[in-house]
Structures are given as C-alpha cells and as structure tokens.
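My questions all concern the structure below.
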Ligand SMILES: NC(=O)C1=CN([C@@H]2O[C@H](COP(=O)(O)OP(=O)(O)OC[C@H]3O[C@@H](n4cnc5c(N)ncnc54)[C@H](O)[C@@H]3O)[C@@H](O)[C@H]2O)[C@@H](O)CC1
Ligand SMILES: Nc1ncnc2c1ncn2[C@@H]1O[C@H](COP(=O)(O)OP(=O)(O)O)[C@@H](O)[C@H]1O
Ligand SMILES: [Mg+2]
C-alpha cells in the first residue's frame, strides 16, 4: 500500500502551455440529476468547471436547466431525454450517475454508445442501477467511484469485508475492462494497476451530501486535462480532500460547493511547486 501525498498533485498539475485553447483541456459530458436530484448535476459541473475543464456539457432532466444555467453559465445543458449521440461521440470524458435516480433508460442509452478511447466515470446511481439490472461495463477506460454501500451492491463485496484488499481485487479482476476503483469511505483507497493507494488527508467535516458528486467532477476534469489517467485520478482524489482539510482549519463542516470554489487557487499553488520526491 502506498500513502498518497501532495507530491502526486505537484507532479500532475503543471503550468498550462501558452499554445492552447479550450479543446486542449478536455471536453467533459456529465450525465446526472433526475427531477429531484438536480443538485448532484450542479455539484458535478461546478467541480468540473472550477478544476479547469475546457468544455462542460450537462445532460440532465430538463427541469434542472434553469438552475444549472443560473448557477454556472460556463456549462452547457441539454435534456437527457433527447438524442445526444453526436455530443457523446465528441467528448473525451463521460461522467455518469450522480443523482441519476431511476433513469435506467438514460443510463442504458449512454453505456451502449461509449468508445474505447473515452474515459468513463461511473458514480452514484449508475453503479446502483447497473447492479440491480446486471448491466455489463461499457466500452472505455473505466473509473468506478462507489462509496462502501455502492461497492457492496456493484462489486458484491460486503462492507465488512472491504477492509481486506484481496476481496476488492478479486471483484475487480473479474471485470472487463478492469477498472480503476476509487473506494470512498473515511479511509478512501484507490485500486490502480496492482497497487493500492491510501488517502491520508480529509475527515468527518466532509460527511455532507454532494461531497462525492464534487469529487466525481474533479476526477472527470483531471482525467480530461492530465495524463496518464491513473495519475490524474490519484491527484484528483488527493486534491478534493486536501482542500477540505485546509477549509476545516477554520470551518466545522466543509461544503462541497466551498471545496469547488477553492480548486483554482489550490491548483495554482500546486502548479508552482516542484514535487517533493
Ligand atoms: N443534492 C443532491 O442532488 C444529492 C444527490 N445525491 C445522489 O443521490 C443518489 C443516492 O446516493 P446516496 O449515496 O445518498 O444513497 P445510497 O442509498 O446509494 O447510499 C447511502 C447509504 O449508504 C450507507 N453507507 C454505508 N457506508 C457508506 C459510506 N462509506 N459512504 C456513504 N454511505 C454509506 C449509508 O447508510 C447511507 O445512508 C446518488 O446518485 C447521489 O449522487 C447525493 O449525492 C446527495 C446529494
Ligand atoms: N468521515 C469522513 N472522513 C473522510 N472522508 C469522508 C468522510 N465522510 C465522507 N467522506 C468523503 O466524502 C465523499 C462522500 O461521497 P458520497 O458518499 O458519494 O457522497 P454524495 O453521493 O452524497 O455526493 C467521499 O469522498 C468520502 O470519502
Ligand atoms: Mg455519491
């Protein structure tokens, strides 16, 4: 097991090249938010925009359109009941599942059309629905971001057995393609290429609804602008909780939206530091 430290973010987040444009930093499609859970889509998208995504489009229930536009004019919004195949085919990263509720038709539609070269992040209700409907993993470079209950459902590893790495590896190697697993808890771990990475920052001040939606938005955006994928995921996981820990010095709870707002500042600081190897 390897402890994650700030070094991962200092390594991954670097100064932007001058010769660049919005297409350079990742096109992200977020599929999230049913009629009642539009906040999840907002938190995904806010994290994505503030972490530096070149272009963010949110496919969501149409009732969420005005709220997203008014909170986040940088993001584009489309009705997820419409045909958005062209858009789906054009993006680098698909993040699906936060607050998706029971929208199984939307989930199936998207999972059937992803491509091998796309990064596909499966969060929240996507994992719960895939477990109940026994859906296979889609094409793509897959990142799973379950909390312990979702991993119990999706990976079929009981929560009580998730502290043993072998149990989680056993579930992962049976999946095709083998995904990266971000197993979220008060001791979040990342399973990546035969190694387990342990998060050592963060705390109970993060136990607020929407905290995982924010993390998923950061992971999606880091995947869109930093490479290789595994390193980008590790840096995103560390960034999310490091900002929370910093805010917790003066705040009893650290709201997901407050973490998102700190992203540009934290990333600037990390980009200017050499990795402490
Ligand atoms: N404002 C919003 O729109 C929000 C939408 N959300 C979405 O709502 C959907 C349902 O997600 P939930 O996670 O609430 O519901 P779930 O029913 O999937 O799981 C939550 C339950 O799992 C149990 N649990 C055990 N270990 C846990 C752990 N380590 N972390 C978290 N829970 C653990 C807890 O009893 C908890 O009540 C997701 O798609 C999620 O993205 C949530 O993010 C909450 C905020
Ligand atoms: N006690 C805790 N200590 C450290 N991190 C926590 C704690 N409680 C929650 N978190 C973090 O908050 C996030 C919660 O994710 P999740 O349960 O998916 O939230 P939501 O679906 O409501 O957005 C995870 O990153 C998890 O590690
Ligand atoms: Mg969640």
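Each Cβ is built from the backbone N, Cα and C atoms, and glycine gets one as well.
Because TrEMBL annotations are produced automatically, they should be read as predictions rather than curated entries.
Annotations for this protein, taken from TrEMBL, read as follows:
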type: DOMAIN; residues: 5-270; note: domain 'YjeF C-terminal'
type: BINDING; residues: 40, 99, 147, 213; note: (6S)-NADPHX binding site
type: BINDING; residues: 184, 185, 186, 187, 188, 212; note: AMP binding site
In Å, how large is the greatest distance between any two Cα atoms among 40, 99, 147, 213, the listed binders of (6S)-NADPHX?
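Roughly 15 Å, rounded to the nearest whole number.
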When you rank 40, 99, 147, 213 by Cα distance to residue 184 (AMP binding site), which of the binding-site residues ends up on top as the closest?
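The answer is 147.
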Using DSSP with the three-state reduction, classify residue 187 (AMP binding site) as helix, strand or coil.
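In three-state terms, residue 187 (AMP binding site) counts as coil.
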Please work out the number of neighbouring Cβ atoms within 10 Å of the Cβ of residue 186 (AMP binding site), leaving out its own Cβ.
11
Which one is it, among the binding-site residues 40, 99, 147, 213, that lies nearest to residue 187 (AMP binding site) by Cα separation?
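Nearest listed residue in space: 147.
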Give the number of CB atoms, excluding that of residue 40 ((6S)-NADPHX binding site) itself, located within 10 Å of its CB.
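Here the count is 31.
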Which binding-site residues, if any, among 99, 184, 185, 186 have a Cβ under 6 Å from ligand 3, given in order along the chain?
none
Filtering 40, 99, 147, 184, 213 (binding-site residues) by proximity to ligand 2: which pass a Cβ cutoff of under 6 Å to any of its atoms?
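Checking each Cβ against ligand 2, the ones under 6 Å are 147, 184, 213.
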Cβ under 6 Å from ligand 1: which of the binding-site residues 185, 186, 187, 188 qualify?
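Only 185 meet the Cβ criterion.
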An 8 Å radius from the center of the 184, 185, 186, 187, 188, 212 Cβ atoms defines the neighbourhood of the AMP site; name the other residues of that chain inside it, in order.
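After dropping the recorded site residues, what remains is 147, 148, 183, 189, 199, 202.
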Give the sequence-ordered set of same-chain residues, not counting 40, 99, 147, 213, with Cβ within 8 Å of the centre of the Cβ atoms defining the (6S)-NADPHX site.
32, 37, 43, 44, 97, 98, 123, 124, 125, 209, 210, 212, 216
